[in-house]
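Step one of this worksheet: look at the structure below.
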Amino acid sequence: GDILDDYLRTDGVWILTRNKQFYKTNNEKECAEKCEAERNFNCRAFLFTRKNLQCLTLAENTRMTVTFNSMDAVLYEKKIYLLQCKRGIGKDYRGTEDKTWSGIPCQKWAEKTPHKPNYTPEKHPSAGLDENYCRNPDKDGKGPWCYTTDPSTRFDYCNIPECEHQVTHTGGVECIQCNGEDYHGEVSRTESGLECQHWDAQEPHFHGFTQKHFPEKDLKMNYCRNPDGDLRPWCFTISPTKRWEYCNIPRCTTISPVSGLSSQCLSGKGEDYRGRIAITESGKVCQHWNTQFPHRHGWIPDRYPCKGLEENYCRNPDGEKRPWCYTINSSARWEYCAIPHCDGTEQGIAGMNMPMQVPLPEECYRGKGQSYRGTTSITASGKKCQAWNSMFPHRHEKTPDRFPNADLRDNYCRNPDGDNSPWCFTTDPSVTWEYCNLKTCDDHTHE
């Protein structure tokens, strides 16, 4: 599998850390390899900055230190160090529980008082004997334990919950079809073992996913759900430092028929279109969905098994106005397709919904662009902007309700938070946000 599968990704977050190493890498995978090979300390996470291609390997993660926002940064944390539950006897448990089941604080593994330990970090460097956290270096059948700070009790076991209970319900194993958008089970813990925040609560995380706004999404209690078409069910967590996480629900081994008929013509937005048109409305050939050239993207068929991403056929996986595709023309990232309507009418190629064009020269912004009110909706690298009132493919808090004076209309580039220039969330699942394809008004030459 992908090396990044072992990490939990969080966009726009920086963490304060003492032990770190700087490297120059080309991408996140190379940074992950630096983390795996790190010998200066036990690498629990890494930060990658897109602009500078800078890689920082870190000894701490969000369980151990404070976080703050940093728009350009992506934080990757090793999942094994975030798990607050144990699998089996907990041999690979690397959580931060530091008390015994009866509440006695644990002795640090590197210390020799009040008990002289047989298991030390020097003797067992791969056992994760950090600080005074509960561990199971000797594969004890009763699970993780620690030496205690009570002179009369040499060691005792820790109360670590089982991970397995997260995916079992009334004796059967729950599973998801496709991306779990129709999942209605009762799993209420994330993949790292955190308890889910109730959907009708706004603490510790404020959000817009309420029963009132999404009445058809079954947002009950604190059960994991997928109301926005993400990769799989997720939830907000009760941890103030971790806004949300995916839930550990396995995919069903047998695929049931997808609800709804696949259509060969355009009805509505064409999300159910499964025809074989593979040319855009201006005549460009579509790029195959399972390739990353000439355009890199996040719509990978294996990740979205029910979106119909076959061959290079026009599709609408993201709720756009109508089916579209990436093109094999390196200068045209994507375009809409001309699909015949189911009522028999043809789409005019020169119709109302032409592909978004590169901004006109007069599109510019002053200062940081907080007053910019133009209609550009393409990023500097040519990606489409996500609508501000949409939570797909990226969940966010920059909504029109919360920023009433920022003119967050449609998917137009804006600067609601005082960043360096106008920006937007992108419709590419692999890229959360980018600055927009705009110049400052000062850059323009006047004849």
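Using N, Cα and C of the backbone, Cβ positions are placed for all residues, glycine too.
As annotated by TrEMBL, domain 'Apple' applies to 1-80.
The feature domain 'Kringle' is assigned by TrEMBL to 84-163 (among others).
Per-residue confidence over the domain 'Kringle' (174-252) averages 85 (mean pLDDT, predicted model). Annotation comment: TrEMBL describes 174-252 (among others) as domain 'Kringle'.
Cβ neighbour count for CYS252 (disulfide bond): 14 (other Cβ atoms within 10 Å of its Cβ, all protein chains included). According to TrEMBL, the disulfide bond annotation covers CYS175-CYS252 (among others).
As annotated by TrEMBL, disulfide bond applies to CYS196-CYS235 (among others).
What TrEMBL records for CYS224-CYS247 (among others) is disulfide bond.
Taken from TrEMBL, the feature domain 'Kringle' applies to 264-342 (among others).
Look at TrEMBL and you will find CYS265-CYS342 (among others) tagged as disulfide bond. Around CYS342 (disulfide bond), a 10 Å sphere centred on its CB holds 14 further CB atoms from the protein chains shown.
Long-range Cβ contacts of CYS286 (disulfide bond) within its own chain (separation 6+, distance under 8 Å): ALA278, ILE279, THR280, ASN312, TYR313, CYS314, CYS325, TYR326, THR327, ILE328, CYS337. Annotation comment: TrEMBL describes CYS286-CYS325 (among others) as disulfide bond.
Residues or ranges marked as disulfide bond by TrEMBL: CYS314-CYS337 (among others). Cβ neighbour count for CYS314 (disulfide bond) (all protein chains, 10 Å cutoff from its Cβ): 25.
The domain 'Kringle' annotation in TrEMBL covers 363-441 (among others).
Annotation source TrEMBL lists disulfide bond at CYS364-CYS441 (among others).
Marked as disulfide bond by TrEMBL: CYS385-CYS424 (among others). For CYS424 (disulfide bond), the same-chain residues lying six or more positions away in sequence with a CB closer than 8 A to its CB are SER377, THR379, CYS385, GLN386, TRP388, ASN411, TYR412, CYS413, ARG414, TRP433, GLU434, CYS436.
The disulfide bond annotation in TrEMBL covers CYS413-CYS436 (among others).
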10 Å Cα neighbourhood of CYS196 (disulfide bond): matching disulfide-bonded residues from CYS224, CYS252, CYS342: CYS224
Among 1-80, 264-342, 363-441, stretch most in contact with the domain 'Kringle' (174-252) (C-beta, under 8 angstroms): 363-441
DSSP residue counts for the domain 'Kringle' (174-252), split into helix, strand and coil: 3 helix, 13 strand, 63 coil
For the disulfide-bonded residues CYS385, CYS441, the one whose C-beta sees the most other C-beta atoms within 10 angstroms: CYS385
Residue among disulfide-bonded residues CYS235, CYS265, CYS342, CYS364, CYS441 with Cα closest to the Cα of CYS175 (disulfide bond): CYS235
Nearest recorded site to CYS441 (disulfide bond) by CA-CA distance, among disulfide-bonded residues CYS224, CYS235, CYS247, CYS342: CYS235
Fewest Cβ neighbours within 10 Å, where candidates are the disulfide-bonded residues CYS175, CYS247, CYS325, CYS364, CYS413: CYS175
